[in-house]
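Participant: Got a structure for you, questions after.
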Amino acid sequence: MVSSLLPNPPSAECWAALLHDPMTLDMDAVLSDFVRSTGAEPGLARDLLEGKNWDLTAALSDYEQLRQVHTANLPHVFNEGRCAKQAERELPQPGHKVERPCLQRQDDIAQAEKRLSRGISHASSAIVSLARSHVANECNNEQFPLEMPIYTFQLPDLSVYSEDFRSFIERDLIEQATMVALEQAGRLNWWSTVCTSCKRLLPLATTGDGNCLLHAASLGMWGFHDRDLVLRKALYTMMRTGAEREALKRRWRWQQTQQNKEEEWEREWTELLKLASSEPRTHFSKNGSGTGGGVDNSEDPVYESLEEFHVFVLAHILRRPIVVVADTMLRDSGGEAFAPIPFGGIYLPLEVPPNRCHCSPLVLAYDQAHFSALVSMEQRDQQREQAVIPLTDSEHKLLPLHFAVDPGKDWEWGKDDNDNARLANLILSLEAKLNLLHSYMNVTWIRIPSETRAPLAQPESPTASAGEDVQSLAESLDSDRDSVCSNSNSNNGKNGKDKEKEKQRKDKDKTRADSVANKLGSFSKTLGIKLKKNMGGLGGLVHGKMGRANSANGKNGDSAERNKEKKSKSRKGSKEESGASASTSPSEKTTPSPTDKASGASPADKGSGSRGDAWKYSTDVKLSLNILRAAMQGERKFIFAGLLLTSHRHQFHEEMIGYYLTSAQERFSAEQEQRRRDAAAAAAAATATATVKRPARRPEAEGAPGPERASPGPTAAQPTQLVLKLKERPSPGTGASARAARAAGGAASPGPGGGARRAAPGTGGPTPGRSPPAPARQSVIHVQAAARDEACAPTVGALRPCATYPQQNRSLWSQSYSPARSALRTVNTVESLAPGGADAPGPAEHKSQTYSNGFGAARDGLEFADADAPAARSNAECGRGGPGPAQRRCQRENCAFYGRAETEHFCSYCYREELRRRREARAARP
C-alpha cells in the first residue's frame, strides 16, 4: 500500500495528496484510508468525514488543525498513525519515545501491543488466564445479564516506592494524556482539589482496538482487558434477544431526535446492533475484496466503535450504574466548539429493580473517542481519604441522566409525539432525577472545607449570572408540574397565554434587578444575586407568583396551597442545609429510604406515578434538592457524590499485582542499565570527538607557563566546547548530579584529607585551611588516566572527572579561581592515586597550589614534588612569548596527549613518570 512506503508523514496534506483518489470511493474505503493515515478512532474519523461530505482532503485538514491545537499542552508526536509505526519498526531510533497527543490515541495497533505486553494483563499470563476463566464460568451461570460480582480494581500504593520507579509505573499504567486533558478541562479530579478527603481517580491505559469501552469496564472491575470478549458478547446478546430489548429500544428512540422517518429508525437500530457484534470490522478494498481483522491480515482484529447507548446497555449487563467523565464539546484549532461530546453523564440500569443492582458505580473516562477505566489508588490509611465520584460537574450542576425516559409500550410514535399532555408527563423533574440517583446509588454529601471553599459564586457579568440558569430551571420545573397537576386538555390555550405573560413579567423583574445592580458599583454583583433571588430566582417569590397565577386562572386550591408550601420550604432551604450540615460528617452517606429500595416496581412506573405528587419522595431527596438548589445559586458547601466501594476484589487480585510489580521492577532495572550504557557511550563519543580536535589548539597550551603544562589537557578554547557537549547530556547518575549541584552552589567539598576545601582569589602563598597541592594535582592525573582508559573500556565513572577537568583549565586561562570548581575537581580522586607510584606526594604534605590574578603570581605560589619539574618550568618560560615548538604524539603507548623535544616527546605527565622511573632504576643499581 502507499501508506507503508511513507516512514514519517510530515503533515495531513501529504497524506491527502497520496491517499486521495479523485474517483468516487466507497465510504468504507475512505474511512479506512483516513484511519490508516491518522491512527484516529473510527468514530471520530466518521464524524469528521461526514462533516466534510466524505471529502478526505478536507477531513484530514481538519484533523491536522485539531491535532495542532491540542498538542500545545501535551508532548509532540513525531510519528503518527499505524503506518508510521510500521516504518518505525524498520528504522528503530534509540531513545525515541512516542506519546499520544490530545486528539490521537497512543493505542493504535502497534502501541496497543506495547502497552498490553507491559500492563497488569500480561504480568503473568497464567494468572490472568485463570482469572478470565473464573469470570467466564461465573458469567455462564446467568442467562443474559451477567451477574457480576461487585469488584472494583485499585492500583497498588505507589507512594512506598522510589520516585523513579513510581514514575516508571505511572507511565506504564496510566493514560497520561487523557488525565491531563480532562483535568485541564475541569472534568476530572476537581473534587480532590477542593476537598482533600477525596481520592484522585486515575485513567488506566487501555488498548484501542474498537473494544475500548468493554476493555475499560473489565479493567475497572478485574484489572485485565476483555480479550475473550465476554462483555462484548453479552452486550450483543442482550440487544438482540434480551428480555429488556424492547424497553431499551424505546428509551434509545426517545432520546434520539425525532427527525428520522419511520423506515430510517429500523435501519438505524440495525446499524446500532451491528456495532455491538463481537465480529471484527471488515474493510473493503477498492477492488471490492474484503479483508477481515483490521487494516491488514497481519494485525490484531479491530472492532466497531461503540456509542453511548451501548454504555447504557452495559449498565444493565453489569447491573450497576456507570458514570462517564468526559468533556462536553470538541473544539477546533481556534478553540471554538464545533461538535458536542454526548458520552459524559450517568447511566443507570433503569430496567432492573434497584434492589437487584449493585450500588457502587463503575467509573470510566472518555477522551478523544477513547474509553479508559478510572480507578483509585490504595493507601495505608484507607479511612483518611474516601473514593467517590461526584454526580455534578465542577459548577455543581447535575450530570446528564442518559436514557431515563421510557414512553411505554402503548406509546404511538408519530401520533403521541404531538400530544402536549402526554409529553409533559414524560418530562423528568429534578426531584425525580435525584430520587433515581438515591435509589440506584449510595450517595453522600461531602462537606467542602472552609479554607478551600470558593466564595459565593459571582456572575461573570451583571446580565449573565448563575441565577439565570437557576431561574430557567425553576421555570421549566414549575411548568412541568403545572402541566402534570392541571387539566391541560381543557386549559391549554389559556395556560399558554398566562405563562407567556408571567415570563414577560419575570424578564422585566430581572432587567430591573440588573439595572439596579449596574448602578451600585462594587456591591452590584452580590446585590444583583439577592435581588434576583427575591424577584425571580429559585429561592424567592417565583413559586408564590406561580401559585397566585394558577389560582387566578381557575386552578384548584390544592395546587395553590402546594405552591405556597414549596415557596416556604425553598425559603427555608439554607436553614435546613446549615442544620443538616452541622450534624453530617464528610463521610456520612445518605441512602434511599428502605421503602423505596424494597419496592420492586419498575422505575418507569415509579417515575410516571411520582409526577402526580412532586413531594412524595423521601426526606433525603428533599434535602438533596435543597442543597443542590443552594449550590446552583452560589452557596457551594457540599459535593454531591456517589460512594465507590473498593473492598471487594476477586481472588486473583493480589497475585496479579504481585507478579506485575515483580515484572515492572525487572523492566525498570533493565531500562536503567540501558540508560547507563547509553550515557557511557555518549560520553565516550564526546571525549573521542574532543580528542580528535585537540591537536589544533595544543601549541597555545604548551606556550603557557609551567603550572599550566603541569596539567596536561586541552586548551582554553577547546575545553569550552567539550563542556558544552557534556552539559547537553543528562547526568549519568544521582551522585554526579549531587556533586554538580554542590559545585554550582559554591559549596565546599571534603577532600581526601578530610578537610573542607575553600579558596579565595588573589592569594599568592600558603594559607591555613587551603587545599593541599596533592589533591589538585591528583585530580589532573585522574583525568588523564580516565581519558586514556576510556578508549578501551568506557565507564560511567570516567565521565565525572573528565567533565570537571576543562572547568579547571578554563579557570587557569581566564586567570580566575572558583571554589566551586576546586571542590568539583577534587571529588573521587583517591582511587586514581594507586598507579601514581609511591613517590607521589600525599595529602599530608603542606604545599599550596594557589590561583590568582596573573600567571606570575600563580607560578610563584606553586611547588612541585619532583626535582626535575623546575627545568620544565623554565623551558616553558622561555617559550612563553611566542608559539611553542613542533610537537608530536606522546611516546608512551595509548597516551592521547602530545609532547615536545624538551620533554623527549613525552607529555608532561609521562615525562615526569619517565624521570621517576629512571631515578628508581639508578637507585636500584648496586
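Here, residue 1 is simply the first one shown, and the rest follow in order.
Any Cβ shown, glycine's included, is placed from N, Cα and C.
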Participant: According to Swiss-Prot, which listed range is zinc finger: 812-847, 848-883, 884-919?
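Facilitator: Going through 812-847, 848-883, 884-919 one by one, Swiss-Prot gives zinc finger for 884-919.
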Participant: Which one of Ser121, Ser277, Ser524, Ser737 gets the tag phosphoserine in Swiss-Prot?
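Facilitator: Record annotation (Swiss-Prot, phosphoserine): Ser121.
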Participant: Of the residue ranges 257-272, 497-512, which one carries the motif 'Nuclear localization signal' annotation in Swiss-Prot?
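Facilitator: So the range that Swiss-Prot calls motif 'Nuclear localization signal' is 497-512.
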Participant: Just to be sure I understand, if DSSP states are collapsed into helix, strand and coil, how many residues of the compositional bias 'Low complexity' (680-691) fall in each?
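Facilitator: Counting residues per DSSP class in the compositional bias 'Low complexity' (680-691), I get 12 helix, 0 strand, 0 coil.
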Participant: Around Cys910 (Zn(2+) binding site), how many other C-beta atoms are within 10 angstroms of its C-beta?
Facilitator: 20
Participant: Quick one: of Cys212, Cys890, Cys895, Cys907, which of the recorded positions has the smallest count of other CB atoms within 10 A?
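Facilitator: Taking Cys212, Cys890, Cys895, Cys907 as the recorded positions, the minimal 10 Å Cβ count falls on Cys895.
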Participant: Looking at the recorded positions listed here (His370, Cys890, Cys895, Cys910), whose Cα lies nearest to that of Cys212 (active site, nucleophile)?
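Facilitator: Of all the candidates listed, His370 is nearest in space.
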Participant: If you count Cβ atoms within 10 Å of each one, which of the active-site residues Asp209, His370 comes out on top?
Facilitator: His370
Participant: How big is the gap, in Å, between the Cα of His370 (active site, proton acceptor) and that of Asp209 (active site), rounded to a whole number?
Facilitator: 10
Participant: Tell me, what is the mean pLDDT of the region 'TRAF-binding' (170-413)?
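Facilitator: Averaged over the region 'TRAF-binding' (170-413), per-residue pLDDT gives 81.
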Participant: May I ask which of the binding-site residues Cys890, Cys895, Cys907, Cys910 is closest to Asp209 (active site) if we compare their C-alpha atoms?
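Facilitator: Closest recorded candidate to Asp209 (active site) by Cα: Cys895.
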